[in-house]
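The block underneath contains the structure these notes are about, expressed in structure tokens.
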Amino acid sequence: MLPRLFLTILPVCSPSISNKTSKKFRDAHANHVFLFEMDLNNTLSFFGKQLKLDTEEEISKVIDQIRKHLNLEVLDFRGNTLSVLAGKLIAESLKTRRELKECIWSDMFTGRLKDEIPLVLDALGEALTASGCRLTTLDLSDNAFGAGLSTSLYNFLQSPALYSLENLILNNNGLGLAGKTVGKALCSLIDASKKAGTPLKLKKFVCGRNRLEVESTIALSDAFIKLGTLEEIRLPQNGIRDDGIIALAEAFRMNKKLRIIDINDNFCCPEGAIQISEVLSDLQFIEVLDLGDCVCDDPGVLAIIAELDKINRDCLKKVVLSGNNITSDVIDEIGACFNSPKMCHVKVDISVNMFGKDFDSAKARHGKGNIDFGRRGDDELLSSDEEEEQGAEDASMEEDAFNTSRETVIDRSNLHEASADEMMNDLMNKGFGCMKIEDNQQNSNGNGMVSFLDKSLKLDTAESAEPVVKVIAAASSMKALELRGNTLGIAAGNVIAKALESHPELERCLWSDLFTGRLKNEIPPILEALGKAMMTAGCKIKELDLSDNAFGPIGADALKDLLESPSSFSLEVLKLNNNGLGIGGKQIAKSLTECLRKSIAVGGENRLRLKTFIAGRNRLENPGAHALAATFKALETVEWFDVRQNGIHEEGIRALVAALKHNRNLRYLWLEDNTVLPKGAKALAKTLESWPKLEVLNLSDCLIRDAGCNYIIDHLNPQHHRHLKNVYLCGNELTPPVAKLLIQKWSKFDGLTPKPVLHIHTNSFGDEFSDVAGMAPENVNVGDEDDDLGSLDGDQEEYNSKSSDSEDADLDDDDEDDDEEAEIQIIDNGESQLKLAMDRIDRLDIDFESRFQEDTARVILQLSAPLKSCKMSEPALQRAIEVAENIVRRVESVKRNPIPATTQLVNNIVAQCAGTGVKAETDWGYGADPQVISRLFSELVARGHFKLELALLQRFFPSQ
């Protein structure tokens, strides 16, 4: 009688019955209605519940629901994380579920160790076999299997429960060479299913973003050929080349019922496209052909469209040819094909190609409803008329209703980033410590930002940090924590770290200028505590800014555990500007390399994809450069790289350039104020073609001279570097004849909109400055004549050659100062001596846009030697005062609390001057004359500076 009861209940539960009547019936027959609804609903979903199944209590709640479900055909575990215990207990509960048909088990192991996953996979595979179920759909996407899980994955794919499989989705598993295992497993499964009398008839296979490359693709193709039943093959973003494409083409031919082919973002090249075109006539049911970003070029595209005419055109719905270097030479053939009456129903994507100046006319002729040219600004030969959105999705990856399913959508969402112009302004005006990547939500605590920016908090004890801890604890969601402009002690750091443990959602740590006035040995324990807290919480950090914290090499050691932990696998922005790293740069590089290794081992989306690396003013020198080179060669993902003012010589520069060659998305490269020299510039110039997205190149103050500047301009190509915005060649001893030549060559960029700007101010134009400036168009910046360094005479050229070209030259400030002293002593002529002193003072003032703290003190201390050598000549003194005042104004613009930046400047100078009675922790070796420094301070005080430090100055530098 139970079935009759169900029939009686059905009309009562119908949506057409009023809510009041339905509720009354439910109240009267609650048990029967519950049973009936569970029977109709064949799906049990835990999707997005973010369950962390560790304890038996948590696991039992899930198991109870599995056991109570009367007709469990679909089990959806997406977005939860299973421990080994959970996997085994859930597997046990599935052994009786013979009716199970679909297992949606993607994103099921977040935060689990790689040796835990195979144990769960083994248990679940055994359970499916024991249950006797016959699955039609298996989705294991977004689980970081990697190559290390080959055995367990192979065994799982041998289960008789998969003989009936129709849909297999293995998207974003980090398979790599484990793709060969999947191919072999499928071949074995095909053979076993045939022997069992139920041959496998797989219809859909999805395996995107898995680094399959050639070997794994060939293995999978062998399985596809044996199958012959596939209707949908999706293998986007797998680095497939040459032989892999050829193998796939043959596999396509053997699967006559193919409807969807998606090999977006692989390397077909013209040869591969031609191979694919030759099999299209065998595929009469094809609906979607996605060859976006496959570098097919004109010949490959022409071959494809020629063969499309031979298929069943009524079936064809969409063709994606975006990002294939298609030129206007073939646009008429493409238009004629897809605008024809028999093909005008087909949606065609040809955006992000190379139509250039013909874009508008081509679109006018052929851009009818079915052909999508995309935005004009997306064309590879044009520049957008409006600011391009950072991280915009490639049009070729857009999904629509007929080719999208919940199993196959590939998420390409990116974090919002600030416009490049805003970041550039911060860089040039405030220095890196003031630079922030904006977030539209950052001012709202409800949207994830907790900020104590410039609150001038002096947090020494746990009690003093209590207000901060309370705010952190009260935040329901804290994705960003900004502590810049405060000072943190050990006790306060520990309690704040403890508060972080309750915020696993933390992504952005904006912690620059956090240790003002602290001792060096205080900083590492705080860094370690904060890092440990984030690791304990399971944070996935995307941005870490520790700039302007003078922690030195010991700070780099303190960051080791954090940078090598899973919490840093997600790191996209790392800013370590002005930290005094020195040899600690090698440790940072080593930690990033280890982080990359571990993340790759875990697999999938866990791979470290660092985009921004800023480590200017850290005295990295050549050893640090070589260490970083090894790291960034392996990373391949950096977009913003800055190591300005690090004393890196030509050899180190060449190593960095060779490494960055592998980072094809590089947009910003800052090597300013290192010793690149012409040879280094030549090596860099030859690498420029590797960076088609380059926007800013800064080689100011790099001593690359005429030859180096010429190399750079010659190798910048308007056809290739379409995104270029600024090139800085300032302060490189560029002479007028070569400057005029470069201005002429720069006109090759006149076709770009907007035109990129070439900066060549602060060079050696001398009396010909007006001539050079007169030649310069609006997109060439020669600066003001007052900034020009004047003509190079023979003696100066020789001096610069000796001090800069020698492969053994040591750029340490101490040695450089000694060399210059020696050079001054051999000059007898008073006028020459004054000229050289003035030149040295001018050089200290070159492009002083972002130096502060120790750097500012170093420059003022270095003013002592040239002033003393010319016996404080009035012209030299006035010029030195101008330089010093420029520095002080910069320092005054930097707001620091509780100790003002100007006070820090005075403290550093006092400690480095003999006779003050203050002993420096480290002697910088300038030997500054206290009388000269005293005179400078007197003049600066007279001009209204150092009001807060007046008593300090009177004590250590009494007026002369």
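One-based numbering along the chain as shown.
Keep in mind that glycine also has a Cβ here, set from the backbone N, Cα and C atoms.
Taken from Swiss-Prot, the feature compositional bias 'Acidic residues' covers 380-401, 783-798, 806-819. Residues annotated as region 'Disordered' in Swiss-Prot: 370-408, 777-819. Under the heading repeat 'LRR 1', Swiss-Prot lists 69-92. Residues or ranges marked as repeat 'LRR 2' in Swiss-Prot: 132-156. The repeat 'LRR 3' annotation in Swiss-Prot covers 162-185. Among the features that Swiss-Prot reports, repeat 'LRR 4' is placed at 227-254. Annotation source Swiss-Prot lists repeat 'LRR 5' at 313-340. As annotated by Swiss-Prot, repeat 'LRR 6' applies to 475-498. Residues annotated as repeat 'LRR 7' in Swiss-Prot: 538-561. Per Swiss-Prot, repeat 'LRR 8' is recorded for 568-595. Per Swiss-Prot, repeat 'LRR 9' is recorded for 663-685.
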Confidence summary (mean pLDDT) of the repeat 'LRR 6' (475-498): 93
Spatial neighbours of the repeat 'LRR 8' (568-595) far in sequence, C-beta under 8 Å, 6+ residues away: 415, 431-433, 435, 437, 507, 512, 540-557, 559-560, 562, 602, 606-620, 623-624, 627-628, 630-631, 634-635, 642, 853-855
Helix, strand and coil residues within the repeat 'LRR 2' (132-156) as assigned by DSSP: 10 helix, 3 strand, 12 coil
Helix, strand and coil residues within the repeat 'LRR 4' (227-254) as assigned by DSSP: 13 helix, 3 strand, 12 coil
Close approaches to the repeat 'LRR 4' (227-254) from elsewhere in its chain (Cβ under 8 angstroms; 6 or more beyond its ends): 171, 186, 190, 200-214, 217-218, 220-221, 260-269, 271-272, 275-276, 278-279, 282-283, 285, 290, 397, 408, 410
The repeat 'LRR 1' (69-92): DSSP-derived helix, strand, coil residue counts: 9 helix, 5 strand, 10 coil
